Amino acid sequence: MITRTKIICTIGPATNSPEMLAKLLDAGMNVARLNFSHGSHETHGQAIGFLKELREQKRVPLAIMLDTKGPEIRLGNIPQPISVSQGQKLRLVSSDIDGSAEGGVSLYPKGIFPFVPEGADVLIDDGYIHAVVVSSEADSLELEFMNSGLLKSHKSLSIRGVDVALPFMTEKDIADLKFGVEQNMDVVAASFVRYGEDIETMRKCLADLGNPKMPIIAKIENRLGVENFSKIAKLADGIMIARGDLGIELSVVEVPNLQKMMAKVSRETGHFCVTATQMLESMIRNVLPTRAEVSDIANAIYDGSSAVMLSGETASGAHPVAAVKIMRSVILETEKNLSHDSFLKLDDSNSALQVSPYLSAIGLAGIQIAERADAKALIVYTESGSSPMFLSKYRPKFPIIAVTPSTSVYYRLALEWGVYPMLTQESDRAVWRHQACIYGIEQGILSNYDRILVLSRGACMEETNNLTLTIVNDILTGSEFPET
């Protein structure tokens with residue numbers, strides 16, 4: 001069975017090989033995420049080559065995501081991990097050094113030091129290590145640790161309650177986006193989005209680089225991103241609820257309600273929503289997840305997430321393939337119990353999708369007709385992707401087979417809940433409907449005598465305005481006589 005909620009896997013040392021990537025794909029991966037906070041263009045280019053070859057061989061819409069480093073704060077190089085204990089002090093410096101307990105550790109970006117006051121709470125490595133700033137100077141900070149831990153190279157660092165006025169896009173981000181455009185990557189996840197203008201800045205950069213239509217996912221991981229969420233959600237193409245940094249920048253107890261709010265608003269705007277961070281964290285080491293992790297995945301789906309994401313579990317974990325299989329199993333079981341009717345009551349006034357009145361009216365009516373007729377799939381032809389994206393937000397009980405002539409739309413739709421993209425070069429209605437039925441049978445979505453609903457353009461129309469309820473076999477044999 002195919003999941004409707006999509007699975008994003010982060011690729012790293014544990015999985016950057018043709019053999020492991022093939023196993024992840026077979027286990028249920030829909031999107032491969034490359035984290036540009038780590039690795040070089042050479043290693044990422046190698047992974048992109050493996051992934052493109054794999055998706056061509058398997059003929060599947062596997063999307064490749066570029067996750068930017070963004071204006072994040074990280075430790076510098078630490079050749080040997082530094083063991084710290086409660087009460088111990090350590091200096092963070094602006095100079096480029098190999099970190100040690102005695103000489104201190106580099107902190108990047110170098111311009112951050114003037115923004116950090118004495119007494120500020122510092123959280124390192126997703127909050128596992130807590131320290132307080134006891135001394136702040138123009139080019140260094142002195143920390144006192146509140147607990148024990150192990151400092152390692154390039155780990156993230158957050159300063160709670162401090163708005164560090166760093167530019168949204170760094171020189172590295174621009175170089176990485178240029179690389180992503182040259183490599184024809186499918187989607188970009190923008191880290192540390194704080195304002196709606198950040199999305200506009202990145203979109204202009206992508207246009208200057210030659211790909212103005214590259215979809216942008218806004219990662220919400222700080223208080224400013226939450227405060228400006230409504231505008232960000234309308235301007236971005238999707239939202240990622242980055243719970244790791246969000247739970248550090250804010251309080252962890254705020255995260256569940258924020259997750260529900262962001263998932264709901266994302267659906268109302270018509271954009272996909274990714275829930276991320278620590279979904280199967282224990283499987284980095286263990287072969288089985290905790291019960292709490294299983295419940296977390298299920299609740300993210302009940303909230304309306306379009307996709308759920310694995311990070312360290314597949315990038316560096318001991319059981320990457322098992323983690324994807326577990327996630328797929330949880331998704332399939334949860335989707336059996338999803339309350340589809342509740343999604344039909346969405347407020348359309350916040351929609352950011354550019355859809356015509358025809359599609360708005362006919363799309364929702366089509367879903368209701370198909371459900372009453374017990375149709376097994378909805379087939380729609382799309383050049384821009386907007387029709388299946390619009391339909392997806394209502395979480396219909398049946399799959400949406402999206403037929404498209406656009407390669408970029410084909411891969412972009414891999415992120416949409418319940419959408420199964422099919423690439424075609426045919427614009428003739430009879431031909432692409434026939435192809436879609438064959439595809440549905442091959443994917444296990446359809447059988448010969450299933451009812452299906454087809455959305456298409458009328459002969460004299462430029463917009464989707466036609467509904468046809470019919471039988472798969474009638475399309476395949478050319479003996480179609482529409483039921484409605």
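Positions of Cβ are set from backbone N, Cα and C atoms, glycine also.
Database features, via Swiss-Prot:
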BINDING   R33, G244, D245, T277  substrate binding site
BINDING   N35, S37, D67, T68  K(+) binding site
BINDING   N35, F36, S37, H38, R74, K155  ATP binding site
SITE      K219  site 'Transition state stabilizer'
BINDING   E221, D245  Mg(2+) binding site
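Annotated features, which come from Swiss-Prot, shown on the structure.
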| residue | record | DSSP class |
| --- | --- | --- |
| N35 | K(+) binding site | strand |
| D67 | K(+) binding site | strand |
| R74 | ATP binding site | strand |
| K219 | site 'Transition state stabilizer' | strand |
| G244 | substrate binding site | helix |
| T277 | substrate binding site | coil |
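Between F36 (ATP binding site) and T68 (K(+) binding site), the C-alpha separation comes to 5 Å. Reported as a whole number, the C-alpha separation between R33 (substrate binding site) and D67 (K(+) binding site) equals 7 Å. K155 (ATP binding site) falls outside any helix or strand according to DSSP and counts as coil.
Using a 10 Å Cα-Cα cut-off around G244 (substrate binding site), the binding-site residues N35, S37, R74, K155, E221 reduce to E221. When the record's ATP-binding residues N35, F36, S37, H38, R74, K155 are compared pairwise by CA position, the greatest distance found is 14 Å. In sequence order, K219, E221, M240, A242, R243, A276, Q278, M309, S311 are the residues of the same chain, not among R33, G244, D245, T277, whose CB sits within 8 A of the CB centroid for the substrate site. Listed in chain order, the extra residues whose Cβ falls within 8 Å of the Cβ center of the K(+) site residues N35, S37, D67, T68 are L34, F36, H38, L66, K69, G70, A189, S191. Neighbours of N35 (K(+) binding site), defined as other CB atoms within 10 A of its CB across all chains, total 19. Spanning the residues R33, G244, D245, T277 that the record associates with binding substrate, the maximal Cα-Cα distance equals 18 Å.
Of the recorded residues, K219 (site 'Transition state stabilizer') and D67 (K(+) binding site) place their C-alpha atoms 9 Å from one another.
Set side by side, the recorded positions R74, K155, K219 differ in how many other CB atoms lie within 10 angstroms of their CB, and the most is found at K219. Summary for the binding-site residues S37, T277: the Cβ-based neighbour count within 10 Å is maximal at T277.
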